[in-house]
């Protein structure tokens with residue numbers, strides 16, 4: 001029967017509560033008395049946030065009816081409970097609770113009432129009217145001094161008035177129930193001190209107040225980049241309303257933030273979302289006090305709740321009220337989303353007045369951070385130094401360019417404070433290691449106590465002594481740690497108390513309780529401030545004493561000060577850019593950088609020097625912050641141009657592959673530029689981003705290697721102009737990518753033909769050759785491209801002596817390769833063999849690459865065969881010597897198969913015969 005009836009949400013809940021009550025009392029039938037109890041004392045609604053429920057929420061409708069009919073609700077409640085207890089219960093409880101005929105009668109009467117009153121749904125008042133005519137309920141009403149059911153009907157009529165039940169939530173008992181459910185009261189939050197102080201933004205707040213004071217179209221929309229403080233402007237307005245710092249027309253208004261997610265969530269049926277939205281708007285328009293509705297991310301309303309089958313969306317429901325000025329609405333959205341969603345709907349857009357929220361400058365950000373400092377200090381229980389605030393604002397502006405101030409700077413402060421707090425609340429390393437040691441000794445003592453032999457007894461005595469020593473060492477450390485922790489905790493609690501007192505003083509002055517406000521302002525607050533100063537002084541004195549006696553006590557164990565170093569650490573962790581202060585070990589490493597790089601790149605002193613100087617400038621902070629160091633490495637093939645870049649990557653990042661490499665031979669066509677910076681709008685792959693721009697966005701501190709740069713199309717190289725000059729590059733979507741912290745390295749073979757000229761004996765480039773190479777570069781590259789390069793380095797040709805040094809490096813590489821592949825074979829190369837390899841691998845035109853081929857042919861091929869054959873086994877030494885003028889790898893074990901030997905000999909002869917013919921022409925660049 002109930003399946004044909006349509007109930008409001010509250011009536012449906014009352015029926016469910018009545019059924020739950022019958023099950024609780026183990027009654028076999030559902031009776032009207034169950035429904036009466038459920039309506040008189042409804043259970044709390046779990047769908048609503050009980051904490052945010054309005055203070056002094058009204059009593060149930062049934063109670064209001066009893067009171068209006070001049071009855072006693074308590075007597076009525078007692079009579080109902082008495083009747084409920086008298087009902088027979090079953091043990092064990094019944095599996096199914098059925099409806100009694102009297103309950104069916106009540107529902108039928110409620111249904112008839114609904115039809116008579118032309119309501120769409122059966123509401124709570126229909127159920128109460130039907131119950132009042134039921135004999136058992138009539139008896140209870142008589143006990144509550146209500147002799148006739150008509151008194152109940154009249155009371156309901158007086159409360160309900162002429163309202164129609166045309167929606168599922170039309171019979172709400174609480175005033176503004178929809179507002180309580182779907183909005184957050186920002187003025188109440190400001191009153192309770194739950195909103196952070198708003199510093200600055202006066203101009204934007206004044207403009208919002210001016211727009212709200214208009215007669216029509218009084219709806220501002222705050223537009224700005226993410227993180228500039230759009231919501232903060234509204235929070236500032238809420239604080240001004242609470243402090244009565246607004247014009248009279250806004251003096252007693254409420255600022256409510258609409259929760260669009262809660263509004264849409266759970267709206268299963270068609271029309272349910274619209275019903276909720278209409279309920280919210282109706283309550284706003286019927287409210288006695290002025291309500292300003294704040295919708296964060298207002299673009300969510302465009303299409304929110306639309307079913308796709310002609311259903312209304314939220315924006316269309318708002319339009320009529322916005323145009324007439326009945327609804328004061330503040331929106332907030334980003335520039336991109338405003339353009340994408342709101343500008344498309346001109347009718348919706350014209351109802352809002354734009355307020356552009358600009359990004360604050362670094363100095364304004366510092367002021368904002370100083371204002372927020374106390375909140376973060378109280379929350380984390382740390383002290384934030386002013387130097388940390390200045391560092392956070394400056395570093396956020398310089399290194400976190402993809403994000404906006406003040407949001408990025410606030411995040412830095414917050415995370416640095418959290419890091420200090422976590423470090424403080426974790427056990428110091430020294431205590432942790434001693435406790436682990438003590439646990440191990442206790443386990444050892446427990447195990448040895450069962451043993452009977454003399455050695456175990458002696459070991460047991462020793463273990464007990466060790467445990468006592470560790471405990472003695474640990475006791476003072478624990479005491480010291482607890483004392484330091486206690487001091488920090490006491491200070492945090494004192495600060496929290498001060499915050500609470502200030503809040504109470506503000507509340508008292510707002511409420512006009514001047515005596516209490518004066519008492520707090522001139523007695524309690526100064527007293528608490530004095531306590532904090534005393535605690536700070538005691539803590540500073542204790543820390544100073546510990547640091548003075550650092551040799552004996554080891555200094556203070558915990559720190560609770562956030563300084564610039566902590567901020568630097570967070571920036572370095574986020575971006576990978578080394579902005580932390582140079583440690584002594586790192587200083588040493590940078591000072592001896594040439595020595596380290598020269599071990600890998602042989603014979604290129606000038607190139608190594610120029611790269612080292614650029615890195616030192618960058619790390620010491622003396623380089624131009626807007627211009628990344630850029631190099632053009634020229635020289636013959638195989639002289640170490642790319643190798644130097646790999647060595648630099650290994651030096652900086654401990655990984656030779658930690659660089660962004662572009663092989664410019666892949667960028668020979670003009671259109672391949674879109675691969676580097678991303679396809680322009682309208683082209684396929686517009687959203688995917690470019691290889692260069694995306695890599696730089698992810699790793700701002702990296703080495704960019706443009707290999708064989710002269711092979712690329714001229715249009716591709718022009719993109720690098722602004723990258724080398726201003727450290728910025730714009731991708732296909734118009735976003736500026738920061739490239740100020742990278743190192744640009746380009747390699748080129750231009751002018752290599754001039755480098756084959758006979759030079760000085762040490763392989764150095766003479767001035768004439770240098771000029772010829774520079775002319776070749778000038779003839780090929782644009783003047784503005786060459787003019788932006790920090791340093792053009794011409795690599796020297798490798799001499800025989802340098803090739804001989806490279807032999808040592810290559811053999812060390814082979815040894816490492818064997819270890820990486822779990823081959824425990826040690827290679828020993830005689831000095832004579834090394835000289836021979838150096839002589840065979842020397843090629844003025846091809847640099848060090850022929851040496852690799854010689855090593856492969858003369859050593860590696862033969863070594864591979866011997867290892868596979870078992871002539872050289874794991875743990876043995878492979879000796880490379882010169883025999884009869886040839887390089888030979890000596891086997892450690894005699895060969896097993898003669899046929900294989902003959903075959904190998906034939907192969908070696910064949911290799912020797914072919915080798916002279918396959919030798920490369922070393923005079924490739926000769927005219």
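Each Cβ is built from the backbone N, Cα and C atoms, and glycine gets one as well.
Owing to the predicted nature of the structure, the values given are computational and were not obtained by experimental measurement.
From the options 434-453, 454-473, the stretch Swiss-Prot describes as region 'Disordered' is 454-473. Feature annotation (Swiss-Prot): of 888-907, 908-927, the stretch labelled region 'Disordered' is 908-927.
Cβ proximity to the ATP 1 site centre (mean Cβ of 224, 225, 226, 227, 228, 229, 230, 231, cutoff 8 Å) flags the following additional same-chain residues: 232, 334, 357, 359, 404, 407. Ranking the binding-site residues 226, 229, 635, 638, 640 by other CB atoms within 10 A of the CB puts 226 at the bottom. Distance between Cα atoms for residue 227 (ATP 1 binding site) and residue 641 (ATP 2 binding site): 44 Å, as a whole number. Of the binding-site residues 231, 637, 639, 639 has the largest number of other Cβ atoms within 10 Å of its own Cβ.
Using DSSP to sort the residues of the region 'Disordered' (454-473) gives these counts of helix, strand and coil: 20 helix, 0 strand, 0 coil.
Cβ contacts within 10 Å of residue 224 (ATP 1 binding site), excluding its own Cβ and spanning all protein chains shown: 21. Of all the binding-site residues in the list 224, 225, 228, 230, 231, the shortest Cα-Cα distance to residue 635 (ATP 2 binding site) is found for 225. Between the CA atoms of residue 639 (ATP 2 binding site) and residue 228 (ATP 1 binding site) there is a gap of 51 Å, rounded to the nearest whole number.
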